[in-house]
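Q: Annotations for this protein, taken from TrEMBL, read as follows:
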DOMAIN    A:229-446  domain 'ABC transmembrane type-1'
TRANSMEM  A:6-23  transmembrane segment
TRANSMEM  A:44-65  transmembrane segment
TRANSMEM  A:129-148  transmembrane segment
TRANSMEM  A:160-188  transmembrane segment
TRANSMEM  A:227-249  transmembrane segment
TRANSMEM  A:269-290  transmembrane segment
TRANSMEM  A:358-379  transmembrane segment
TRANSMEM  A:426-450  transmembrane segment
Amino acid sequence: MNGIVLLILIVGLGLIAWAVSRMRALGFRRRLGTRISSLPHHHGWYVALWTAAPPLLFLAIWAATSPALVTDMVLGTPAAAQLPPPGFERAAILSEARALAAGRAHGAFHTLSRTLAPAYDAAQARVDWIATAVVLMLALAGGTYAYLRVRPDFSARTRIERVILGLLLGASLIAILTTAGIVASLLYEAGRFFSVVPITDFLFGTHWSPQVIDPRDPGASLGAVPLFWGTFFIGAVIAMAVAIPFGLLSAIYLTQYAAPRARRIMKPVLEVLAGIPTVVYGYFAALTVAPAVRQFAVSIGIDWASSESALAAGLVMGVMIIPFVSSMADDSLAAVPNAMRDGSLAMGATPSETITRVMLPAALPGVVGGVLLAVSRAIGETMIVVMAASGVATLTANPFASTTTVTRQIVDLLTGEAEFDSPKTLAAFALGLTLFVITLLLNIIALTVVKRYRESYE
Amino acid sequence: MSIPKITARNVSVSYGAKQAIDDISIDVDMDHVIAFIGPSGCGKSTFLRTLNRMNDTIPSARVSGDVRLDGQDIYAPEMDVVQLRARVGMVFQKPNPFPKSIYENVAYGPRIHGLANSRAELDVIVERSLTRAGLWNEVKDRLSESGTALSGGQQQRLCIARAIAVDPEVILMDEPCSALDPIATARIEELIHDLRGRYAIAIVTHNMQQAARVSQRTAFFHLGTLVEYGRTSDIFTNPKEERTKDYITGRYG
């Protein structure tokens with residue numbers, strides 16, 4: 001509440017600083033009529049930043065530290081002497097008193113919290129007062145300092161540029177730091193898992209049944225090979241058997257044969273496939289494709305075919321990946337210089353000879369890179385397999401049998417009711433880490449291949 | 001005057017609404033190299049590309065008029081473009097070897113047209129083509145290396161060898177030396193001298209000294225029309241048209 005008022009105050013002061021310094025800078029221009037290093041609005045922004053940034057920074061730090069400060073103040077009051085020793089009850093009373101003081105709670109469970117509430121009120125008011133005073137002081141000090149530097153020969157422009165550089169750098173760092181944080185948390189949790197289960201049991205064991213774990217030997221039922229196999233089978237074999245031919249052929253048609261008008265219509269339609277939410281693919285797989293696949297299997301004499309077959313999940317996943325493969329192949333074919341195509345056509349080669357003998361070999365590294373990226377997407381795909389693949393880990397190469405995948409198992413493990421530090425739940429992090437490492441490697445290989453290829457034509 | 005190999009009569013080409021060349025009539029024969037000269041955008045390359053129907057690859061291009069190869073209308077519906085292009089080869093402005101080995105570059109045409117029955121026959125064709133293109137001695141020990149690893153001049157001679165390998169009757173060259181240094185250019189010019197008589201050759205060039213050195217017939221194009229066409233010696237020493245004179249003396253273009 002108070003924070004919002006302060007924020008508005010800071011922004012208001014910033015606006016005033018902007019307007020005033022801009023006015024002053026406008027005056028320079030009129031008076032001198034000579035070359036100036038910065039435009040009036042540069043000076044405006046410079047002073048506004050100096051006015052608003054320090055108090056904002058202070059507020060950010062204050063928001064993180066002031067609750068502890070308030071609690072310290074409350075503990076210093078005489079009423080706090082009656083509090084029980086540090087522990088769960090003491091924390092509960094304090095948080096209740098805080099809620100009462102802030103008006104978020106109406107009744108209190110502990111009588112003591114009712115006595116402490118006024119102390120909280122007073123402490124909070126003091127802290128808020130300090131914050132307001134510091135904010136005003138910082139804003140005035142910063143604003144005045146910057147305002148005094150506003151002169152015709154002062155280059156506010158380059159300083160604004162530096163601030164923009166800093167902002168851009170900060171924005172990109174946040175994405176990188178988040179990735180690092182995710183990796184760190186995965187590593188930490190996976191490390192806890194591997195302290196219970198030997199890594200060799202996990203990576204090379206062929207028996208996976210996390211529902212029944214023997215506490216004396218948890219590794220015996222946490223062998224992930226069936227999951228890796230199922231993931232590879234559905235994502236890299238069945239899905240790619242659909243996505244590579246259809247994606248590649250459609251790219252060839254669109255780049256080499258289609259009239260400009262056909263291309264204008266067909267390319268966006270194909271790309272719509274990529275925009276369908278994966279959960280929609282999931283129920284399409286589970287409700288439409290899986291029964292059809294089972295029916296087909298039964299009709300050719302395989303009457304034990306599963307209704308959660310690897311084939312159904314893989315087929316739908318392949319369809320989902322088609323636009324991905326197609327657009328990567330499209331880019332690679334388009335990057336082959338037209339001179340190659342003309343050279344071949346001028347030799348009397350037909351369009352299809354030109355494509356198979358010249359265009360595709362030249363575009364191959366790009367196509368391979370695209371396929372690897374598609375594989376890494378397919379094996380990380382979750383929703384389709386959660387809905388259409390089985391939860392039972394079986395080591396089979398029969399497309400009509402049921403198989404499970406790493407992502408499906410992660411979902412199953414984390415939606416159970418087991419406590420958070422059991423080997424069963426921690427296994428999810430080990431699986432996540434493995435998946436992450438594999439897709440990372442695939443992406444690195446794919447991007448290297450694509451990059452090397454691009455360089456050869458520039 | 002020898003019997004013409006290609007006769008083009010009243011040829012016009014437009015790209016969409018834009019007229020690129022208008023009413024061009026020229027002959028190409030075996031004994032005389034013919035050079036097409038003129039400022040950029042005058043339509044000389046467009047005309048060259050009508051002679052092997054490479055304009056077909058540009059969807060908006062419309063060709064009218066009559067082009068005959070040995071008296072046969074190459075724009076007739078029954079004309080097989082694949083056969084036509086095997087008979088009328090082309091060398092491009094920028095060397096464009098395929099990203100394959102030197103050997104495979106030259107063997108490409110013979111393979112797709114089924115000219116060799118065995119590997120030994122193919123070897124003979126490759127060696128003969130590279131020899132005629134004046135490249136054999138430089139590459140005979142490294143035929144399996146990539147064609148794109150050669151120098152620019154060597155790449156262009158490889159492209160000429162590639163065109164020769166399918167035993168064409170006509171070779172069209174579209175500014176074949178514009179991306180090359182003077183030494184490589186001189187070698188290509190020598191090569192054109194050597195090839196003359198065996199193939200009918202038409203060459204588009206920006207370089208008037210080059211036209212004077214390599215050709216016996218010259219056609220001067222300007223703004224999509226054929227201004228003057230005759231013996232190279234006449235065009236360069238005694239042009240009939242004022243525009244030709246202005247161009248070859250460097251007054252514009």
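Glycine is treated like the rest: Cβ placed from N, Cα and C.
Relative to the rest of the structure, where do these features sit?
A: Within the chain, the transmembrane segment (A:6-23) has long-range Cβ neighbours (under 8 A, six or more residues past its boundaries) at 40-41, 43-52, 55-56, 59, 131-132, 135-136, 139, 143, 146-147, 150.
Sequence-distant neighbours of the transmembrane segment (A:44-65) (same chain, 6+ residues past either end, Cβ-Cβ under 8 Å): 3, 6-7, 10-11, 13-22, 25, 38, 131, 134-136, 138-139, 141-143, 145-147, 149-150, 156, 159-160, 163.
For the transmembrane segment (A:160-188), the residues of the chain that approach it from at least six positions outside its boundaries are 42, 45-46, 49, 429, 432-433, 436, judged by C-beta separation under 8 angstroms.
Taking Cβ pairs closer than 8 Å, the transmembrane segment (A:426-450) reaches residues 183, 186-187, 189-190, 192-194, 196-197, 202-203, 210, 222, 224, 227-228, 231, 332, 365-366, 368-370, 372-373, 375-376, 379-380, 406-407, 409-410, 413-414 in its own chain, all 6 or more past its ends.
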Q: When you scan the chain for residues with a C-beta under 8 Å from the transmembrane segment (A:269-290), skipping those not six or more beyond its ends, what do you find?
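A: For the transmembrane segment (A:269-290), the far contacts come to 250, 254, 307-309, 312-313, 315-317, 319-320, 322-324, 326-327, 381-384, 386-388.
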